[in-house]
Amino acid sequence: WIMGHMVNAIGQIDEFVNLGANSIETDVSFDSSANPEYTYHGIPCECGRNCKKWENFNDFLKGLRSATTPGNSKYKEKLVLVVFDLKTGSLYDNQANDAGKKLAKNLLQHYWNNGNNGGRAYIVLSIPDLNHYPLIKGFTDTLKQEGHPELLGKLGYDFSGNDAIGDVAKAYKKAGVSGHVWQSDGITNCLLRGLTRVKEAVANRDSGNGYINKVYYWTVDKRATTRDALDAGVDGIMTNYPDVITDVLNEAAYKSKFRVATYEDNPWETFKK
């Protein structure tokens, strides 16, 4: 999965997919009542990027729905996975469940079109704080209460705080999650980060009894780092330059080992060599 980083304006969806992304990451900010408000990152963000592009969250969802609904004039067949980077740092811990409920209602209405031929992309809820694990239950309970448990099949999870792998496992246990787990590891492109924890996550994924199904590394903008991440066995790479990742995947060393995921590839299934 080539994951376009910080895609917060509707116009950027096309831009990143056209460069080779089959997945995008979108920031979601919340208001003081735990309502998802904007797709907005703000300053500081990554080196070489405009941090200030934004939409109202529900407007972005409608644009995203158009881009991921077959038959729509804006449809992009390649776009199959969306990571919502949930900026829950502005919330109190006791608002996490509420944030999950409100997020679910927004997605149900504006993205999934209340289950009536809505967007088809798989969705990952990425949470920066392990203490905010109740967000997951708030979200999943709401889908069930609203009569759409089938949409849980489209839903995956990520804790993005680079916490110890064992602590992340405990948070999922509390949240009642087993499966559909992506594990992120990374740091802003302005700084360097080694691959120690990525390798640990990959080992957990491949152990047969770990909690991780997929591992992605962020934010990778250079060819050398892309090669290192692929050599470590990641499933996804988040990038500001999808064309760079595409180029490396076309190199002789990687062409036979990796391919770009399509809609038919289940993002919740651990890949067995």
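The backbone N, Cα and C atoms fix where each Cβ goes, glycine too.
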From the list Cys45, Cys190, which cysteine is recorded by Swiss-Prot as disulfide-linked to Cys51?
Cys45
Out of Asp14, Asp59, Asp85, which does Swiss-Prot tie to the same Mg(2+) site as Glu25, Asp27?
Asp85
Those residues of the chain, 6+ apart, with a Cβ under 8 Å from that of Cys51 (disulfide bond):
Met6, His41, Gly42, Ile43, Pro44, Cys45
Rounded Cα-Cα span from His5 (active site) to Asp85 (Mg(2+) binding site), Å:
10
Compared by Cα position, which of the recorded positions His5, Glu25, Asp27 is the closest one to Cys190 (disulfide bond)?
His5
